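Quick look at what TrEMBL annotates:
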{"type": "COMPBIAS", "residues": "1031-1048", "note": "compositional bias 'Low complexity'"}
{"type": "DISULFID", "residues": "Cys1373-Cys1386", "note": "disulfide bond"}
{"type": "DOMAIN", "residues": "553-718", "note": "domain 'GAIN-B'"}
{"type": "DOMAIN", "residues": "778-895", "note": "domain 'PLAT'"}
{"type": "REGION", "residues": "1015-1048", "note": "region 'Disordered'"}
{"type": "TRANSMEM", "residues": "734-753", "note": "transmembrane segment"}
{"type": "TRANSMEM", "residues": "941-960", "note": "transmembrane segment"}
{"type": "TRANSMEM", "residues": "987-1008", "note": "transmembrane segment"}
{"type": "TRANSMEM", "residues": "1134-1161", "note": "transmembrane segment"}
{"type": "TRANSMEM", "residues": "1181-1204", "note": "transmembrane segment"}
{"type": "TRANSMEM", "residues": "1269-1286", "note": "transmembrane segment"}
{"type": "TRANSMEM", "residues": "1529-1550", "note": "transmembrane segment"}
{"type": "TRANSMEM", "residues": "1570-1594", "note": "transmembrane segment"}
{"type": "TRANSMEM", "residues": "1622-1642", "note": "transmembrane segment"}
{"type": "TRANSMEM", "residues": "1662-1684", "note": "transmembrane segment"}
{"type": "TRANSMEM", "residues": "1696-1714", "note": "transmembrane segment"}
{"type": "TRANSMEM", "residues": "1726-1745", "note": "transmembrane segment"}
Amino acid sequence: MFVLIPITPSCFVNCNDRINPSERLVLVTSCENCPPDTAYLWSLTNSPASFGRADLDWAADTATGKTSQDLAVKANVLTVPGEYTLRLDVRSSSGSEGLGGAGFTEAQVNVNEPPTPGTCSVTPASGTTTSTMFSVSCRGFQDSDRPLIYALHYNDGQTAAFSVLFSGPQSQLPPTLLPVGQESRDFNVTLRVHVSDAFGAVAYSNNMTVQVQLPSAEETVAALGNLTTDLDNLLVTGNSQGVLQLASSIGSVLNTPSQDATNESITAAQEARSKLVTALESVEVQTVDNINVLASALGQVTAADDQVTPDAQVSSSSIALKMSQVLSSQSVQDLGAEGLEASAGNVLSVVVNTLQASSTSATAQRRSGASEEGQTQLAKNQQATTTMFGAMGNVNGAILDRKTPDESKTTFEFGTFGIAVDKERCSVTSSAPKVIRTSETSQNFFVVPGTSTLLGGSCRGESSVGTENFQSKKNPYAYSGSSDTVESSVNGLQVRGKGGPLAVSRLTEPVQIVTERTEGLPTATEQGSTVPSWQQAMSMHSFNVSEEGSSIHITVLSVEQNVSLRLYLRRNNRPTRTDFDLNTTLPRPDDETFKIQLWNNQSMDQSVFNWFISADEIVTVGGVGEYTLGVDHVPYAEAGSVDQGLETEYSHVNFTTNYTMQIFTTTCLFFNEDTQAWLSDGCKAGPLTSDRFSHCFCDHLTSFGSGFTFFVAPNSLNILQALQGFLNIGENPAVVICVSVIFGLYLLLVIWGRHKDKEDAKKVGATLLRASKRGHGHFYRIMVFTGPRTNAGTTARVYMKLFGESGEAGPVVLEDVDRVTFRQGAVDTFVLSSDRRLGELNAVHVWHDNTGGDPSWYLNKIVVIDCDKDDKYTFICDKWLAVEEGDGKVDRLLAIATEKELSSIGNVFSSKTSKDFRDGHLWFSVMGRPAYSRFTRVQRLSCCLSLLLCTMLTNIMFFGRGETFPKPPPVDILGFEVQFPLSWGEIMIAVQSALIVFPVNLAIVQIFRHCGQRPKKEKKNESRKKENKTKTSNNTDSSSLPSHSTTSTASIEFDNTLDDGDIEVTVHSFSSTRDESGQPAAVNTDDSDWLFHKVPYQNSTGNDIEMVEATWIRKKNKDVSEVRGEKKKKGTTLLPWWCVFFAYFLVFVSCFLSAFFTMLYGFEYGREKAEAWLLTFLTSFFIDLLITQPFKIVLLAVFFALILRKVDSEDEEVPAGQLEEDEIYMAADMENWSMPTTTEANPPTPEDLAESRAQRFRELTLRAAFKELLFYLLFITVLVIVANGPRDSMMYHQTKHLRDTFFIGGGNHSLQKATTFEKFWNFVELALVPEISSKTWYNGMALQTDGYLRDYQSFIAGTVRFRQLRVKQDEQCKIPTPFLGIIDNCDEDYGYFANDDRHYTEGWAGPANITEDPIIYENYTEEEQPWLYHSPTLYDIPTSGRYATYYGGGYIVELTNTTTAALLSTVDWLESSGWIDQHTRAVFVQFTIFNPNTNLFSIMELMTEFPTLGSSYSKVEATTVRLFRFQTVWSKVVAAFQGVFVLFTLYFVFRELSRIMLMGFEYFKMFWNCLELCLALLSLAEIGILLYTLYLILGFNTPQRNTEATRNSYEKYRQAALWDQINTYVLGWLVCVATLKLLHLFRFNKHIVRGADTMKKASGPLSGFGIMFGIMFCSFTMLFYLVVGTKLEGFATFPSALQTILVIIQSASSYYVIAEASSVLGPLAYFALLGLFQWVMLLMFVAILDEAYHEAMAEQKGGKTENEKVADMMIQRVKTAALTVVSCGRRENRMKTYEVRRRPTEQELLDIFNGPELIRMVEEKGSSTQTFEFVLKDNPPLGETNDYDFLDAGDSARNQTSSQMPGYNLELLSEEEIADVFAGFRSPEAAAV
């Protein structure tokens, strides 16, 4: 017994009364309470007799089959008109109450009859795609269901599908362009017309073939060149169909492959496609027919993915989105499934084309570098891609809305991009997995669990769900920075319900994804061989796992197939057979392999030779790192059954087998749309992964891909191809130029560095102080550290005194006569001997005598080392010893620094930063290298070069690679998601780069730092000197030494071979004493501490004297031989000196290879990417060098100061230095140079310091004044060039010419004479129009170009326009009562509130009915626009007239016509319509003139005022400016000076801000400070105005077309001209203020100061005088204003009366004019004015100034001011300099002074007399002092004798000395004569006695 099963059918798609046979028929059924086992069976029970079949072919004719619940009959199956009956039978074996059930239902459909077929034809039969218009006509199509729609489809042979080109109701299709045909088909294009009736039934025409050929190359270029014009014309006329046809035609041409494509042609194609896409964007999308035509055209335009720019992609995506939205908005009844899918295919072709183009351009952009422009392009790629996926979702949703669950899936194939849309029922009872792919041939697929499992165990209220699946071999998300990690196809899967996409995540049963890998990926394939089993070793293979989440896939194939292999894996170590992390045996059993069951009983199986190590197992082992794989064969004893042929060999004890192994890692990725990045969260690699496929498990759905990595490899480099770049460097010169510049700078810096190294050598050395004597047994080593501050060195003589517990030493002079000491940053070492130990040192007193040109000294610290006990004492100063710095002291008493002071934060921080900047940091130490360092500047420069080039190489090798790695997932820290900024790949890149750069450069630096000094080459005299050291005193006559420039030298060397405390001092002294035998006399050797050796010495005069060489040795229980033979045990171990050559060799190799491969990479990348890399690298390099590195140094110093508190004392261990061949350490004779005990060895007294301080401040003031003057003169020069550079004398002439042309030109019809409405119109018609519309030359020949004035030189840029300002018609002035009724019209004057701003109809007839706001003027006709009000814009500038100020806006007429007749017609119409009437207050004729000869623009404004007086007033305003700048070399020079001016301004602003911060409010109390502040503010204002002006001007530096009539163009020109004028005004004031400041710079001139003092003293009286003057001036102004104000223009207004009165006072003019205006009061007032002001007021003013001037003079007589003293010093120095220049070349006029503080020896005199001519000798004995002063003369003429005269200052008579020195004459000068000589008033000859 059966139960009836109720079932109800309904129509779902194609449900009209008469169904469309060309559309799919979809019937759905509903069955309540149907059992799960219900079976369905469809059948055709009734059909028209002519149908010819009793039933359907259910598999072929339907999309659902015969046994599904719903039915979908395909299109064009029920083609015979009539009624059809479709029956559905249902049956169940388990109905309600346990009984079976059955039922049936029937559906009847009536099929519509399609139109009667007809025929179509096309003419012509052949043509060209860009020029031939083809016409298609059809006839014979008949149908009663009208209208008929004719759709023209074409097939160009690229695919089998037809594309729609036109759709409309016309049977005669309008002429159209056709796409080009394929050359393989002889350029034939197949046409077919689809004719549909009102119900959509389609009849097809016959196929027509037409030959559409490519245009020629010239025609193509012309078509592309005219494309913009053609598109504009089509869009203006609203011909959208023409735009579509043109797009299809041009697109087909561009899509035709060309063998001769060049960069220019590709660029032209890109531009053409962009223009076409932009034009198509304006085509309206309203109907499905529009969509089909538009999508077809857009598909042609976007077909080439490498020629669609990012901007075009954005526009294309916008069009596709609009089309998809229109499709999705169509109801099922209006648009069936078949029609929708046809339209969807057209739209999706556009979507795919754009996605492919986005992928291509984004990939190229990321590889070219991350520039700012590149980031913008990538953002556009992202926008286009996101929009396109949105459009795809809309289309897919519309398709799913028309599908039934039992229907077959809908697929689309577009090359390598596939899309599939499917729908299935959701059932909680079915959980069978399903394989989803886009096509039956696709190798990419998803294996998803049942629908309910996919949705989390429930159907979420959905009876059915749809799936959207796509696959793409190109990565559509290539814009993402992590896209380079994707090396496979990209697959996407999305589940969609009724309301849209459904989120699928956190699945209990993961989705499996299989994707194809990208072809050509590298695989690590290795070959190996096992070792015999009895050995303990095995074959090893190492590899890196660099990314977290990666899995390892190892495939090993043995040559001997029956031999199994055992694999052992271990992390960070080599595995053994007993010690490993993981192991396996290959091949694996079949039951242990993984497989997926596919379609048609096929499966995908894991290889038995594959070892899959999952990501979880890797984490268990230890994660990322280095892994080692051991391979071993299974021993024969454990192998089991073996083939007989292999058994003998296998059983041998030494059996081995060869194998091939492949290792790679895989990461499964998905695209996160929120972060726009490829991530691996929730995805793991599967065991089916191979070198062809990636297998992934994911717990969510999105777009998937896979990564394929071994390690972070650098960018690929094709060396042979890159080498070709050297043949044509000009195409890609950036990297080569950069490398060349680096080497050039290196060579220049090496020259500078070598020079500085030589100077540094003079800063280091141990000098024996002259206070040391023989027999002193205690030595102290004194190191003086001069600070590194600017001008820290001193020229003064420095004194020092040591204080100890047992006594004191000194004072001593710290000086070295052969080198300059105490330079900036220098460390000077001195040796002081003492006759006794001072005990523990506790203080140092140091000072200087404040002499020399720059005596100021910044002392850092002093370190004293007791050489006996090796104790070190540090005395910290860190202060200035200068009269003008700090507290003004030049002496410091320094106590010994305690441990607390040494470890104080300030001291540690300063010492650490100083050391790191000056020595530790490689780059900064080039400038601040300590003089004592062995690491020279040249060596440091070489290291910097090597480091820079190596860094450049690694940077360019990995350029862009870091962006390809996904960032790690965010980490939850205290509830916040923290995103780590670096990926593992980026870390690996940093590590690999460091491993490349660091080792070799560290080796170079360390070799240079620890390389010993090269020994000196011995000369003969030096070898003999060494021999003499070992001989006794009776064996010393066999050597000679070279002569020296001084007679007493001491050479001190610290022998490194001695123990601590042992010092060897070698002293050379000279003596002329000989014994009776002629040998050198014996030297006293009573002091047992000295060993003396005597050698002969010949001086420069040929006289033999003796040099005594003495060696002193301090011993500690050792004899001399032991001391000399023992090596020093402590200190730094040095490399052999020749290792420096090895270091330079490493520098050369590293630099050469780095530079070479860097250039190769530059050629490989191409110009754009190479320049992007170079910009990126240089930016990061300088940021790191100037910001990051200093910050790191300071941070490290803070760490040392705050945490470690460790004192770095390495810089105190300064080596004494080694003598170079050209150096000698000099000191005075130890006995003769003992320090005198006079007051001069003490610090200066306070009185001396005060005088010195005053003198020093004068010197500094003078120096600062000179610097400021030179600097300011340079600034004035720059400012004058900036101000006058753009000026041109032709500006005036052009302005005058144009003013005359338009103001007085036209004779009686000139603007000057246009005093009424009629005369103004006469001026326009008879003067203006002929002037601006000239068409012929003077001889009647036609002008080649329109737009010139009648001077044939001035071109009208833009259009001429009239602008009128009116007063409101309904607002009238009040008429006086007596005239009421007589006068009925009274108009208001113009004002801001009286301005009329309403819209009118023609002739001001009444208000226009306009409601839109803002108004769009283009929507109104030319007849309506003159009466519409234009609101003011930002570009409008008020104009000042005689009667009022007129604002922007108004009623505007654009004269767009160019012919005279057309212009006159427009003017006549305006005149006849009354455009100017009684309410008009001003009319402006505005236009812009450009003269190409002078490159000048003139902004013309012809203003005519129509006041209420009845007579008009006109004027012409012409503003001439240069808008096209930088056209000449001089303009570029001016631009360069403008850049310099900006630097000056920044300096001024910084200086004034610093002064304000320092002085506070006191700053503003000084006049010159306020003036300089004004100068700085004006300079800033000038920069701002200049930049804005340039911004406006550069807007005009684009190609102009004479057809352009851009609205507001005149205002823009006028705005640019106004700002240029403002810029000129600011520059004028700036030059004025800057010039006034010169008065301050010449403040040392007493006359200028006197003038300023005069004005200051006169300010009080002048203020009172000014009040009186103002009162009297205003009183006479009011008198004249009232008396003659109504008769004379100069007194018409009170302000003009003020000006006129002022002119009268100055020039006494206008008498007769005033007398004529007022015959009585006029002359009286005139003479009273002159008499009072010229005879009284003027004399009072002069008297005030005279009194103030005399007061100022009286004050100056009281004594010289500081400025005057500075001026005297300046004058004196100028005179001295002038005297030096005048006397240059004349020996007798040269003045040099040499002063020593003792009596000189004979040899010293000989040497000294070769230099200076004025000598002062001072001998001090006890308290008495004798001074000897000499002046030298040349020898007298031949025959005259001249002896040396030696005169004692205390004697009155001449005393002849016993020494005869031929060639010189010494004469004593009196003190007065010496003073005169010093003052320069006398020559030395005149002063001689």
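From the backbone N, Cα and C atoms, a Cβ is placed for every residue, glycine too.
Any TrEMBL annotation is an automated prediction that lacks curation.
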Worksheet item: Could you give the number of helix, strand and coil residues in the domain 'PLAT' (778-895) as assigned by DSSP?
Response: 0 helix, 66 strand, 52 coil
Discussion item. Is it the case that the transmembrane segment (1662-1684) and the transmembrane segment (1622-1642) touch, counting contact as three or more CB pairs under 8 Å in which the residues of each pair are 6 or more positions apart?
Written reply: no
Worksheet entry | Long-range neighbours of the transmembrane segment (1622-1642), counting only residues six or more past its ends (CB under 8 A) | 1265, 1268-1269, 1272, 1275-1276, 1279-1280, 1282-1283, 1568, 1571-1572, 1574-1575, 1578-1579, 1581-1582, 1585-1586, 1589, 1648, 1652
Fill in: Contacting positions for the transmembrane segment (941-960) when only residues 6+ beyond its ends and CB under 8 Å are counted
366-367, 369-370, 484, 712, 714-715, 735, 739, 742-743, 746, 749-750, 753, 922-923, 926, 989, 992-993, 996-997, 1000-1001, 1004-1005, 1008, 1144, 1146-1147, 1150-1151, 1153-1155, 1157-1158, 1161-1162, 1165, 1169, 1173, 1176-1177, 1181
Worksheet item: List, by number or range, the same-chain residues at least 6 past the transmembrane segment (1696-1714) whose CB is under 8 A from its CB atoms?
Response: 1673, 1676-1678, 1680-1681, 1684-1685, 1688-1690, 1722-1723, 1725-1726, 1729-1730, 1733-1734
Item to complete: Would you mind checking how many other C-beta atoms are within 10 angstroms of the C-beta on Cys1373 (disulfide bond)?
Response: 12
Item to complete: Report, as numbers and ranges, every residue of the chain located at least six residues beyond the transmembrane segment (1726-1745) whose Cβ falls under 8 Å of a Cβ in that stretch; write 'none' if there are none.
Response: 1654, 1658, 1661-1662, 1665, 1668-1669, 1672-1673, 1676, 1701, 1704-1705, 1708, 1711, 1714-1715
Item to complete: Give, as a single whole number between 0 and 100, the mean pLDDT over the domain 'GAIN-B' (553-718).
Response: 81
